[in-house]
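Since the structure comes first, as C-alpha cells, the remarks are kept for the end.
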Amino acid sequence: MNASPARAPRSAPSPAVPVLEARNLNKSFGAVSAAADISIEFATGSKVSLIGANGAGKTTFVNMVTGYLKPDSGAILLDGVDVTKKKPRAMTHLGVCRSFQIPQLCEPMTSVENMLVSFGASGRRFSLFRPCGSEGSEDEARAMLDRFGLTQYADRVVAELPGGVRKLLDIAMAMVRKPKVLLLDEPTSGVSAEEKFPLMDTVMAALAHEDVTVLFVEHDLDIVTRYSDRIVAFYAGKIIADDRPDEVLSDDAVQKYVTGGAR
Amino acid sequence: MHGKTLKTLLGGAVLMAVLLLAGFAAPQWLLFTATKAIGYGIVALGIVVLMRGGVVSFGQGMVYCAGAYAAGLIAANWGLTDALVLLTIGGVTGIVIGAVVGPLIARYRGIFFAMLTVALSMVLYGVLVKMNQIGGSDGFNVPEPTFFGWPPDRDSADLALYCTAIVVAGVTAMLCRVYFDSMAGLMSRAVRENELRVEYLGTSVHRTMVLNFVVAAGFGGVGGALNGMALGHVDPLFSFWTTSGEFVFVAILAGPYSVAAVFVASIILELVRSFSNLYFPETWQLVLGAFLLAVILFLPEGIGSLWAKGRIIAPRTPRDDVTRSRAAEDRSTGGSRVATATRAARPTAKEPQA
Ligand SMILES: Nc1ncnc2c1ncn2[C@@H]1O[C@H](COP(=O)(O)OP(=O)(O)OP(=O)(O)O)[C@@H](O)[C@H]1O
Ligand SMILES: [Mg+2]
C-alpha cells in the first residue's frame, strides 16, 4: 500500500464516519491567512503526516483542531459531532490529545513527576488526600516512561534533559489518556539527524497497540515517507496536496512550494 | 492509610505535644508572642499555598481582617466567646469570602493578581474606617475567650490561648502537608510551571486556582480570629496593606517547601519585631529588610530549603555512568535545549534534505 516497511497497513477501507473532520476552516492573523478554506477528513487508525514550509499553517491547524485557536469560520467534527467551540481541556476529554513543537513540560520537576502530573490530570488518580505516587500510580507512571524508553531519565529534572528525550516525554504525557486522535507537532524537530529515526521508532512502537489515529507535523521527508500512509501538504494556509506519500512527494506543486524540488 | 500520611500525622502530633509541653515552661511574654506568631503563620501558610500554584496575594489582610472582625463582633455582641467556635467562625468567613472573590480573580496572574488583592483589602480597610458603629478606625475590643465554657483567669489566659493556637496550627499544618503531597498538590505545582500543558492534559487551571484561593482565605480567616483574641482588640489596620506585606514577608522567608518553616519564619518576624522595637524603635523595619535581603541572597528558596526539598517522588533509578556522561554531553552541546529545539526547527524546514 505504501513505502512503510515498519508497519502493517491499517484498515484499508475507510469507515463511514471519519474520526476527525475539518470543514472550510478559515483563520487569519491580520493580513496573514494561516488557514484558507481547509476541508479534510481523517480515517480511524490512519497515520497522516502534515508537511509544509515554515509558516504554512500546520501548527495553526493543530491548534484549531485541539481547540486552542478558534477558527474564524468553518467547523471541526469529531466522530461526526461538532466540536468547533470546545476548549483544549474539553477536546482532551473527548480523546484529542497533542504534543508540542516546543515540549511543554514542568521544567523543575523530574520525568516521573511530569508523568504523574499527566496521570493526575487524567482524573483517574486525582485526590486531595492520598499522597501522589501512592497505590501504584508511581509504578504506572514509570511503566509509561518505560514504554517510551525513558526509564534512565525517570528521576532527572526535565530542564536538563536532551531535546530528544524532552520530545518523547512530551508525547508520552499526551498518551496517558489513551487518546482517539493524537497530534504530534514536529516530534523530531531539534533532534539530531541520527536520533530522528530511533525516536520515531520508539513513538510508533509505543503506539502500535493503541487504537489511535496519528497526525504528525514533520519536515523530514524520509521520516514522512517511512512512518505515514498519507501526506497532507500545506502551503500558505491551503492544502495543496493530499494523497499517498509517493504521489504527494512527486507532485509538482509540492516540489515547488514544500520540498524545494529536491525530490 | 498511606505511610507518608501516617508520617505527617505522627510527626505533627509529636511536634504539637512538645510545643504544648514547652508552653507550660515558657514565660508569659513568649506565650503571647508565640500565639501572635502562630496566627501570622497560619495566614502566611495560605500565601504559601497560593505561591505553590504560581500566584502571590498581597492582600491576605482582607481575609485576616474579615475573620478577626467576624469572630470579634460575634464575641462582643452575642457573648459567644468559645475560642474554638470563634476560630471556626473566622475560618468560615474566610472561606465564604474566598469562594466569592476566588472565581472572579482566579484568571489573573502575577502583578495583576497581587494588585487586585491589595485593592480588595484596601477597600475593606476603607469601609471599616468609615463604619463608626463598630469603632471606625479605632476598632473595638474583643472579650476574653473561653475554652469549652471555662473562663481562664489572668495568669492562665495566655497559656490556654497558646495551647489552642498550637492545636489549630498543628491541624492546619498537617492538612496542608497532606494537600501538598497529594495529586491535587502536584497539580497545583504543575499549574505554576505550565498552565497550557495542564489544560491540554485535561485539568482545569481555574479550578486549581480557586481551590488554592479558598484554602488560603480560610487560613487567613482562622489566623485573623486567633490574633483578634490574642490581642483582645481588632481594628481596620488588620486589612491595611502593610499587614498583608508582613504575611508575604513570612511566606517568602519560609519558602514553598516546608510547612513548619512558615511558623519558624513567623516567630522570627515576631522576635525581630519585639527586640528591634525595644532597642532601635525607629529603624526596626530596616532590620527586618536587611534580614529578608540576607535570606533571599543566601537561601533563595527560603529557610525551609535547609531541611526540605522540592522533590516529590524519591529517585529509583541509580544515576549510572551512562546517564551521567550523557548529561555532561548534553550540557556541553547546547545549554538550554528548549532554545535549541526552537532554533533547530527552522533550518531543517528550509533544507529538508540536508
Ligand atoms: N498567534 C499568532 N499571531 C499572529 N500570527 C500568527 C500566530 N500564529 C501563527 N501566525 C502566523 O500564521 C502563519 C502560520 O503559522 P504556523 O505556526 O501555523 O506555521 P507552521 O506551518 O506551523 O510553521 P513552522 O514550520 O514554522 O512551525 C505564520 O505566518 C505565522 O506567522
Ligand atoms: Mg509549527
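For all residues, glycine too, the Cβ spot is worked out from N, Cα and C.
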Which residue range, B:86-106, B:317-337, is the one TrEMBL calls transmembrane segment?
B:86-106
How about the transmembrane segment (B:247-272) and the transmembrane segment (B:209-227): do they have 3 or more C-beta pairs under 8 A, pairs 6 or more apart in sequence?
no
Stretch in B:37-55, B:86-106, B:159-180, B:209-227 most in contact with the transmembrane segment (B:9-31), if contact is a CB pair under 8 A:
B:159-180
Range from B:37-55, B:86-106, B:284-308 with the greatest count of C-beta pairs under 8 A to the transmembrane segment (B:209-227):
B:86-106
For the transmembrane segment (B:37-55), name the stretch out of B:86-106, B:159-180, B:284-308 with the most CB-CB pairs under 8 Å.
B:159-180
Are there residues at least 6 beyond the ends of the transmembrane segment (B:284-308) whose Cβ is under 8 Å from a Cβ of it, and what are they?
249, 252-258, 260-262, 264-265, 268-269, 272-273, 276-277
Who are the long-range neighbours of the transmembrane segment (B:86-106) in its own chain, taking Cβ under 8 Å and residues 6 or more past its ends?
62-63, 66-68, 70-71, 74-75, 80, 113, 116-117, 120, 145, 164, 168, 206, 209-210, 213-226, 228-229
